[in-house]
Amino acid sequence: MNKEGLAYKLFVDKVISTLLLAILLVGGVLAYSGMLKENYPDLEIPQAIITVEWPGAAAEQVEKEVTKPLEDALNGLQGLKKLQSGSQFSYAVIAVEFKSDEPMSEAMQRLRAKVDEGKAEFPSAVKTPLIEQVSVNDTPVIEFMLYGSLDDTGFSRVVKTIEKRLEAKPGVKKVDKGGYRETVVHVRMLPDRLRSLKISPSLVRQRIEEANLDTSWGEYDNGNRIHRLYLAGRFDDIKTLQQLPVARLSDNRLVRLEEVALVYKGLDKVKSETYFSEQGEAFTQGVSLGVKKRPGVDTITLINEVKTAMADYQTQGYWPEGLKVQIISDESALIDESFANVFGNIWQAMLAVFIILMVLLTWREALIAGAAIPLTFLGALMILGLFGYTLNTMMIIGMVLALGMLVDVFILVMEGMHDNLHRKRLRFQDAALATVKTYAMPAFSGQLTTILAMAPMMAIGGVDGKFIRLIPITAVLCLVLSYLIAFLICIPLSQYLLRDAKQTQMSQVDTLTQTAGQALQRWLGRFALGSRRQAGAWVAGSVLVWVISIGLMSTLPSLLYPKGDGRNLAITIELGPNATLAQSRLVAERAGDYLATKPYFENVTMYVGKKSPRAISSISEQLLLNENPNLVGFSALFVPKHAREQLAYEYVPELRAGLNEALAGVAGVTVLFTPEVGGSSNDDPVQIVLSGPDMAQLSAYASEVQQLLATIDGVTDVRNNLGAWQSQVRLTADREALNFHGITEQDFASQLRLATEADEFGKFKLTGTEDDLKIRLSTYWESRDEDIGGPKSHAEINLISLFTPSGELVPGGNLVEYEIDAVPPLYTHAQTQRAITIKAKVDGITVGEVISQLEPQLHTWEQNWPQGYYYSYAGEAENAEETYGSAGMVFVLAIMMVFAVLTLALGSFKQPLVVLFTIPLALIGTFTGFWMFQIPFSFPAMIGLIALVGIVVNNAIVMLDTINGHIKAGVVLREACARGAADRLRPIIGTSITTIVGLVPLGLSDPTWFPLCFAIIFGLLASTLVAMIVIPAMYMLVSRPVTEKPA
């Protein structure tokens, strides 16, 4: 043997194999320690939220003058997939979603350019649009609760300091505050004093704005030195502001601001409150800080940095005594728990596979094949890490999916070495080269067809395609590496264990499999391959069974993703549209007392006046009113899975019934649950979008659809994104009366606004780089006392009078007419059209079943609607159409690619048909198994089917190669077919068992991946049993008989 030859160096010499082993081991370990780790992929879907503030503007005014110009500019944006908006009091919020394959940076650049075009048409009082890039799941990665015995101003100051320091970190996108009251400078005008001195509120506002001014006056050059001139007029001292001259009366007396207003530094008005309870204790009030990360940032690293920073802040001088901090939500702990669960599954699978190999092979061969599995995974981690991928659940799923497929090539190689060393008694180097010569091409064809079957999964489009893309990438990479490791590492290095191994007699497994193979060969020759008619009957029978299984499968429902066991739960309680914060607080206390008693909650956070951040996890939810006095939110964290009896989402019916009982007697309350159930989005699965020009008409149609939807069993949390309409007092100015008294419409609106709201009119200067305080101007009403806001009593409303330019007072009622009307709380758009979206969740029923019940009635209604009104589906139905459509094409493409490779490899068009015939055999098992256990068909199940194609085709290829070998040796056709099946009995059963054993732990650990794993398991069970009979029969039908052996 030529020791200088390439074959010897690759397959016998240990130098190259040792180097490869060291590279994969070291590179894999380094990659694991350095890769970004997260629970699910941080999808780079270009999408953004544009927020535009117009203080004091009504929702309809915002829609017309802010939202519409922006939508017109954005509508023609290249790559735009979806454009939604919500116009509410003082704000416009526009959600922009691009197609999933659009480059992130380019899409955001185009978006900013279009926003610049649209804002050119804004009114002058509108503030600059804020563009914020958002993740698909835009919830905080860690939340803190600050609480303790501390004065309100000091609390506000330290929270603001912590917020600024955290947001200065590169990986932090934003810090959301709950229950926080900002420190501001209040100027609260005294209406009695203004009336007695005949000073208009507009004059007070004007004087504050005019006097609060810093400006440069240029330079003064006296010939010897240049002096810069600067007017320092901004208020930086409360006393200075109090002493501001406002007016001079007729007797030349000067009136200062402190004479007509209360001027002090204090907290802003209460908009929301936050409380938390841990392990059933009483609720404690505090301020929550939710840290959101930027896309692409390592979640665990960022959380650790934030934790370290918070610990460091507590040692600084600005941290007041008595202030405490508590972590109420930590994604890193959930990621670690998820990783421990998934890695536990993969180690269980590897151990089970090793035990199976110990049974099928000798302990030496099992040790080599078993050690090659983690080596393959380390190599995959190294390569994926070099390309910048994060280590997440999808990658681990891909490894588990590849486990059964890659074990096949290791078994094949070790069986070849076993046969050549112990049965043929060859020297090691001869055995190694003989194994490569015999199995390299069949194994290459098998791996290539498996790769081709899985590779098109990378082309599945949409968000869901991106969500699972790392699964096929990882699986394909593992398959490529397993082939290289099997021949370039396992064979050369196996000489350490196999060179001197002695086996004088067959093992019990060898004897058993040989006996079973001989029995199978005899049975096939007698009952399946006795004649072409007999073989045809088996083939026809299998086709009939396949058709029946399709019929069974068609009775099953389908969904996009099965529900997973996430530990986070958000609850939203919505009171009537005109409820006050005090009323919401009472409801929150009753609900909180019930939730805090539940032993399966680790902690509960209560939000009064706003929703839980966990309830605003999708981009469409960010368009709505998420902070309002009538809202109550709860964030609950379940205890770990082993500490409770059910999956997290299965507690929702119990919680719903309990809260309904706890809130019995509270009118107009709705309770919504948002459990964390996995998938690529946390948005509601059922969504019907009604579009048309008039909101009142749309709202009426939406009510009908909601009533219809609520009648369907299994549909829960039915509501629309508009919410209940609010009462509004619509004032209309008497223009003639205004003209008579010399009051302009602008001054009329300004004086009324100052009487009812606390608007910002400038900044109060602070030293250094601290953020300046807002100066809020409002009117002091006795009914409010220290609370900020407009009048609460009718007597105070009647006191509202307007000042004429001459200082005379005119009762407000003489200048306006009013009517009380109901208006929507916001105006929502979809694709630039006014629209209302009806949303719902499902429990025990699929979205497809819901739509099938809705569609006939919706279609009938649409026929009777006026022109311009129509409905469409969003949510899971929209995503499923995109996902399943592309997945179906991918499945067909996979089969075509496999057929092409087989045709080239086998030089025949008939034999590839035999191989592809294994696919319907596998589907028999999947379809029948799903029907027997009533498992809905889902997107993970589709992934399992595509992967199944590669696995079963691989088994068929090796069997076909074995039969061809017998044919070439001159064995008659019937005997060659029977002997080929018998020879491949042990490796096919071995591969199927190892694949099934490898997938069972993952399938049972998480409901999300149960369909994926068991689609493969059921398919393998059927294909393994039936293929041993039908493939030889099919081969016999398509081949010419060989009647004579060579002499």
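Numbers run from 1 along the shown chain.
Backbone N, Cα and C atoms are what each Cβ position is placed from, and that goes for glycine too.
For reference, TrEMBL has these:
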TRANSMEM  342-361  transmembrane segment
TRANSMEM  368-389  transmembrane segment
TRANSMEM  395-417  transmembrane segment
TRANSMEM  438-459  transmembrane segment
TRANSMEM  471-498  transmembrane segment
TRANSMEM  535-561  transmembrane segment
TRANSMEM  884-906  transmembrane segment
TRANSMEM  913-933  transmembrane segment
TRANSMEM  939-963  transmembrane segment
TRANSMEM  984-1003  transmembrane segment
TRANSMEM  1009-1038  transmembrane segment
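Residues 10-14, 16-18, 20-21, 24, 364-365, 367-369, 372, 375-377, 379-380, 383-384, 389, 394-395, 397-399, 401-402, 405-406, 409-410, 412-414, 417, 421, 428, 432, 435-436, 440, 443-444, 447, 450-451, 454-455, 457-458, 943, 947 of the same chain lie 6 or more positions beyond the ends of the transmembrane segment (471-498) yet place their CB under 8 Å from a CB of it. When each of 438-459, 913-933, 939-963, 1009-1038 is checked for Cβ pairs under 8 Å to the transmembrane segment (535-561), 913-933 comes out on top. The stretch from 342-361, 395-417, 913-933, 1009-1038 with the most CB pairs below 8 A to the transmembrane segment (368-389) is 395-417. Counted over residue pairs separated by six or more positions, the transmembrane segment (438-459) shares fewer than 3 Cβ pairs under 8 angstroms with the transmembrane segment (1009-1038), which leaves the two as not touching. Of the candidate ranges 395-417, 913-933, 1009-1038, 1009-1038 has the most C-beta pairs within less than 8 angstroms of the transmembrane segment (939-963).
Here the transmembrane segment (1009-1038) has Cβ contacts under 8 Å with residues 397, 401, 404, 520, 524, 528-529, 532, 534-536, 538-539, 542, 562, 910-911, 913-914, 917-918, 921-926, 928-930, 933, 935-938, 940-941, 943-945, 947-948, 951-952, 955-956, 959-960, 963, 973-974, 977-978, 980-981, 985, 988-989, 992, 995-996, 999-1000, 1002-1003 of the same chain, all six or more residues outside its ends.
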